[in-house]
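A.B. asks: After the structure tokens below, expect a handful of questions from me.
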């Protein structure tokens, strides 16, 4: 979870019988404009949107918190000062960005091992002492030290300005979270999914599940082809979405994707023995993005309360720069917006609904989700990391767990497919069977066979088909779970 980023959360109160979502996603600075990244790389401090993580957690704690604010920071502060062992995944990512880290002093300070004068390797102990000092101050004095003209905020803004960024103290002071109603999907078996609204991709997930709800078949190859086609339609419609508070016209598309009758019409466009290479067939108006510096946490309380949180700084190490006075690595969420006239790596135009505007939140692939049964009991919690693959991965876990009756660990570990319409190909993990792959080829799909030595979307989940919760972490990245027993 990145202090220099933001998050979205789905929160369930069992006693109240109420689901809420908190949108604490970063917003564009006041000095931002839709043309600012024409002929300019979206990296460095200029790529940072207004960090919102700490303020969002403060708002969450103010409404639901039980423990004192200060205590919440103790585990993170302990890791900062006493060190944490570098995981295999972190070591791989450090190697991937090794040249940049070595050439960027603010990053080299924390990711170069002073004992070896080389990038930290798996198992070595890394420290984040400057960040620990910042967290200590925030724990003692509250978020005002960042967001209300306090000394941490002043230092952060000073560093951002010196590195070429445009975030001001006024931007921090004016930042606000949004409390929203959840997006709902009702299943025939009485289950109801709750997830986050725009600017996240909860509505895209809802559309996928609504379409697939009546498309189950025991013919495995046809089932997965139908799912791939549904992904293509979902990502085509996704390109007409954006921050609904700044782009009121997206309300039409938003409501359409939630409409069960539209799902019925979309099913009629899916053929069991054919796919299409025409973007217009899938309703596309393109924009693309990848968010990789993301984490998901699912927590289930003994009284039945639950929360699923997805936090991100967007790319690995965000904007690839760090505030040296505060220890905070900045996000690069401005890269999640579209820029007029800029053609992406696949030759597809950007989306006007997602152009930059001051105060606007960019579109996100996140969709932390909670599934309840007809009695209001939690049956599944799931969310994850992995950029544009998040939404399709969450959908596959939900379908495997609730429709195909896999265990929660099987649902996470099974091979996945992914299609985001552009590029016009289906990504297939090595674990997907040759039978499925051959059928996808037969009906006209181009397949991109993913290698087994890379990391893809990684999810965390809690399944509750029985009275005993079954937590599970994805094999694709490092993850862990624990059960805390409050009884002696």
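The backbone N, Cα and C atoms fix where each Cβ goes, and this holds for glycine too.
According to TrEMBL, the protein carries these features:
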ACT_SITE  294  active site, nucleophile
BINDING   25, 312, 313, 314, 336, 364, 365, 387  L-glutamate binding site
A.B. asks: Rank the recorded positions 294, 312, 314, 365 by the number of other Cβ atoms within 10 Å of each Cβ, and give the residue at the low end.
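C.D. replies: Lowest Cβ count within 10 Å among the recorded positions (294, 312, 314, 365) is 294.
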A.B. asks: Return the maximum Cα to Cα distance in Å (whole number) over the record's L-glutamate-binding residues: 25, 312, 313, 314, 336, 364, 365, 387.
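C.D. replies: Farthest-apart Cα atoms in 25, 312, 313, 314, 336, 364, 365, 387 are separated by 15 Å.
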A.B. asks: Under DSSP, is residue 313 (L-glutamate binding site) helix, strand or coil?
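C.D. replies: SS state of residue 313 (L-glutamate binding site) = coil.
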A.B. asks: Count the other Cβ atoms sitting within 10 Å of the Cβ of residue 25 (L-glutamate binding site), across every protein chain shown.
C.D. replies: 30
